[in-house]
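Now, the feature entries from TrEMBL:
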TRANSMEM  9-33  transmembrane segment
TRANSMEM  53-81  transmembrane segment
TRANSMEM  93-112  transmembrane segment
TRANSMEM  144-161  transmembrane segment
TRANSMEM  191-210  transmembrane segment
TRANSMEM  216-233  transmembrane segment
TRANSMEM  265-281  transmembrane segment
Amino acid sequence: MVLSTILEILVFGFIFGSLLALAGVGLSLIYSIADFPNFAHGDYMMFGGYMAFLVNVQLGLPMAVAFVVGVVSLVAVALVVDRLAFKPLRNAGPVPLLIASIGVALFIRNLIKFVWGTSTRNYAGEWQRAQEILPGVEMTGQQITLVVVAVSMMLAVHLLLSRTKLGKSMRAMSDNRRLARASGIYAERTLLWTWVIGAALAAAAGILLGMNSSLAPYRGFIILLAIFAAVILGGIGSPYGAMAGGLIIGIAYEATPYIPGLDGGYKFVTTFAIMIVVLLVKPQGIFGGEPG
């Protein structure tokens, strides 16, 4: 394998991995605080992406404006869904919440189909021109933007978790919810902010996905499988594990076609195989399920 091929795998693996990591951090935060796997997370991504499409393509506004509208729209939807669908089931345990999240996912997916149809959608392509960043490796403006935005947002999450009162409250609730409440932490407010952050990250990931490929109603579920693989690989409930797991899955995804006997159709198979092997060796994932 020549150097340019290795560089290509690493670069494009990092691009896709950054997307998975960004979405995975949001999913992990919600899991660790709300205590259930949100199966609507992938469809949340698509909703944010389609709202940005509405602003960017259908209304003709700049992509920066579309990005903000997509994020704010999904945050509002996530908060409403939490109040209506999840809050009444808060004390019922994770299984009813999981089932409710599947219902939310199906509702959002069909809402997208009703409003925008089933055809794939693309943003306005102002940044399509590629430029060489390494010998034999080119990146488009969209790909560069994806990496910059994803890394910046994950850094912001790190700073929030490590240096703010809200972040410390989130870490405390993730460690021990009852003890956190006993120590004076307002659990409901912390959970509300967790939904805000998780939805913002999901919307950003959905918009970045649309910028670098396309949007489709079914794509949320497909990408959710890879996100779950990244989150479980890194240690479910650990934002930092999600970051590491996303990058590992991303590189494995891009390396698959270069494995003898495999082609691009096996990309997801390879990523899940890696996840299974790691879990057999370390069932708690790379970061052992630690919250922070």
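Any Cβ shown, glycine's included, is placed from N, Cα and C.
Note: TrEMBL annotation is automatic and uncurated.
The model shown is predicted, which means the values in this text are computed figures rather than measured ones.
Within the chain, the transmembrane segment (265-281) has long-range Cβ neighbours (under 8 A, six or more residues past its boundaries) at 225-226, 229, 232-233, 248-249, 252-257, 259. A contact links the transmembrane segment (144-161) to the transmembrane segment (9-33), because at least 3 Cβ pairs that are 6 or more residues apart lie under 8 A. Listed as Cβ neighbours of the transmembrane segment (191-210) (distance under 8 Å, sequence separation of 6 or more from its ends, same chain) are residues 19, 22-23, 25-27, 29-30, 33-34, 38, 41, 44-49, 51-53, 66-67, 70-71, 73-75, 77-79, 82, 121-123, 145-146, 149-150, 153, 157, 160, 166, 170, 173, 219-220, 223.
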